[in-house]
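Per Swiss-Prot, domain 'RNase H type-1' is recorded for 1-142, and the stated evidence type is sequence analysis. Here Swiss-Prot flags ASP10, ASP134 as Mg(2+) 2 binding site. Residues or ranges marked as Mg(2+) 1 binding site by Swiss-Prot: ASP10, GLU48, ASP70.
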Amino acid sequence: MDTPVYLYTDGACKGNPGAGGWGVLMRYGSREKELFGGEAQTTNNRMELTAVIEGLKSLKRRCTVIICTDSQYVKNGMENWIHGWKRNGWKTAAKQPVKNDDLWQELDALVGQHQVSWTWVKGHAGHAENERADDLANRGAAQFS
């Protein structure tokens with residue numbers, strides 16, 4: 001079996017909306033890489049999605065990926081809600097446009113290129129890798145605040 005790539009992702013926002021950042025700690029075996037960035041005007045959910053997108057975009061080949069996020073929004077969106085959104089033309093069950101549909105569609109396309117599983121971790125609870133992703137996201141936000 002392939003050694004999986006772990007992506008520990010997080011988003012941060014100073015105000016919601018406001019300056020925001022995203023962070024990714026990538027781990028493949030004993031190797032690690034850190035990624036982060038931000039935007040001047042965004043939301044926490046957009047940064048959570050962007051973190052996963054940027055992590056997946058950095059992969060150079062198809063692989064097994066375990067995405068560890070503290071965002072129920074991202075995890076539930078990809079595991080539960082997205083199927084209905086796609087079936088309904090990117091509308092919610094209430095027939096409203098899906099928020100952040102641009103990012104959801106990009107994430108959906110990227111996930112399709114890999115063997116992906118999702119793990120939820122409790123945020124701000126001492127999970128070392130999640131704390132590092134949070135620090136990276138805050139560094140990304142600090143560039144714009």
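Cβ from N, Cα, C; glycine included.
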Average model confidence [pLDDT] within the domain 'RNase H type-1' (1-142): 97
Surrounding CB atoms that lie within 10 Å of the CB of ASP134 (Mg(2+) 2 binding site), all protein chains: 22
Coarse DSSP state, helix versus strand versus coil, of ASP10 (Mg(2+) 2 binding site): strand
Tally of residues which DSSP labels helix, strand or coil - the domain 'RNase H type-1' (1-142): 56 helix, 47 strand, 39 coil
Same-chain residues at least 6 apart in sequence whose Cβ lies under 8 Å from GLU48 (Mg(2+) 1 binding site): THR9, ASP10, GLY11, TRP22, THR69, SER71, TYR73, VAL74
ASP134 (Mg(2+) 2 binding site) to ASP70 (Mg(2+) 1 binding site) - Cα separation in whole Å: 10
Lowest local Cβ density among ASP10, ASP70, which the record lists as binding-site residues, within 10 Å: ASP70
